Amino acid sequence: MTIASLNLEGSSAGHVVVVTTADEAKSPQAPTGVDASPERVALLTGWRQHNDVASLAEVNSSVSVPNLDGKWYQKYWAFAGLGFLISVAYMDPGNWATDLSGGASFGYTLLSIILISNFTAIFLQYLSLKLGIVTNRDLAQACRDAYPKWVVYCLWIIMEIAIASTDLAEVIGSAVALNLLIGIPVWAGVLITAVDTLFILVFGTKSFRFLEVIVFLLCAVIAGIFAYELAVVKPKWVKVAAGLIPKTEIITNPEILFNAIGILGATVMPHSLFLHSSIIQTRAYPRTKEGRKMALRYGGLDSAISLMLAFFVNAAILILAAAAFYYGPNRNTGVESITQAYQLLAPALGNHAAKILFGVALLASGQNSTIIGTLAGQVVMEGFLQIRIKPWLRRLLTRSIAIIPAAIVAAVGGNAAAGKLLVLSQVILSFTLIFAVVPLVHFTSSRAKMGSFVNLWLTRIAATITAILIAGLNAYLIVQSIRLRTFGSAGDV
């Protein structure tokens, strides 16, 4: 594959990649237009080393995009679907325990925290896709090209731990769903989830649009089930609306604050920031200034709309838990486990129907998260290390890291031990998140790396405050979890 480049005197790498591959240039789906402006050339010299490898090369620029003068709805449709891939990380099984705990213990009080978390996610995901669009790099590649090798290796190890933790939550969530649906033990369900990988191997790289359709359908199943469940339970919507307004007791009550931080930590996922900066490049938008502006506009709109779906799902879980366990006739604030959660519909639907509906939604969530987690794993390994191994092997390795410990723990310690492992995975994710947010804020706030697309001063301030708050709150969460020994207190399966 031939890379067209522009030689620059004084460049340590000897060349700067300005255009896409020659093969892509001949394709009808390829980006049209090349930005060789002085700003673009200067922008590319703002890195320690240059990047000449496309992110997710097998699907890079594989989805056609209308011309700049095309209809707005045609442009939006071209970018639609990416946001659903990202939204999966915000409604995976790892989020369900914190939402259930918050609703059962504190009613609708923490709905405002879910809303704030969602706006934070929209903001960070926008910065992620902006980095990918402007620099032609995913976040992992950007770290590799900007930082010393020892920093790169440290970040890579941390992100691999994050992805393994994410996959762990997905494995346990899917296993619990199988337990609810067909009654098999959780440890056996964990082993069955190995089949997930085969699905990804067959379809993952055949067509990126096909992958997006599968994810959208699974998202629609989840959203549809929860919409139906809300209609059946009939919560008091005036109280629900009041829960969207932040209360001072969230700060003054240590128990509520602790749960709120748990929701924040479980909502924003580090691997989704790496993934978004990569998959936005699957669109064949013109690699020019105007083309990038178009990609930012419609990619950002797609992301915001899709993440509001994630807000609906997370809010629905909390609302259902609150309506059934906190405000219900038989109040039970101790019901916080995933296997008990279907009981919130039992009075209205019957025990069997409630278990099936909740199990199907949880299984769809786990399968969706499996697809996204393994794809993010490929982005991280290829981006940080420039190691390209066969996608099926990479995904098999990622899945094995999660399956083996989950199966052992579930078999030896039972469901309670698996639940503690689930919560532990969320604590690990809370710790690793800051190592994705800080580089992202750094890069997008650097004029040398972003040119005229650099964050405005107000955005820089907001991004910096966000990074500091995430670091501080997650540090508090981890310290308190260790001090109070609360790993698994809201995570039994």
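Just so it is clear, glycine is given a Cβ too, placed from its N, Cα and C backbone atoms.
According to TrEMBL, the protein has these features:
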type	residues	note
TRANSMEM	76-93	transmembrane segment
TRANSMEM	105-129	transmembrane segment
TRANSMEM	150-169	transmembrane segment
TRANSMEM	175-203	transmembrane segment
TRANSMEM	210-228	transmembrane segment
TRANSMEM	256-280	transmembrane segment
TRANSMEM	301-327	transmembrane segment
TRANSMEM	396-417	transmembrane segment
TRANSMEM	423-445	transmembrane segment
TRANSMEM	457-479	transmembrane segment
What stretch, picked from 76-93, 210-228, 301-327, has the most CB pairs under 8 A with the transmembrane segment (150-169)?
76-93
Non-local residues, at least 6 beyond the ends, that sit with Cβ under 8 Å of the transmembrane segment (105-129):
82, 86, 90, 99, 139, 239-240, 242-247, 249-250, 255-256, 259-260, 263-264, 267-268, 272-274, 276-277, 280, 295-296, 299-300, 303-304, 307-308, 310-311, 314-315, 318-319, 322, 326-327, 333, 336, 437, 440-441, 444, 455, 462-463, 466, 470
Report, as numbers and ranges, which residues of the same chain sit near the transmembrane segment (76-93): CB under 8 Å and 6 or more residues beyond its ends.
63-66, 118, 121, 125, 129, 166, 169-170, 172-174, 176, 209, 211-213, 215-216, 219, 222, 267-269, 271-272, 275-276, 279-280, 282-283, 295, 298-299, 301-307, 309-311, 313-314, 338, 362, 365-366, 368-369, 371-372, 375, 422
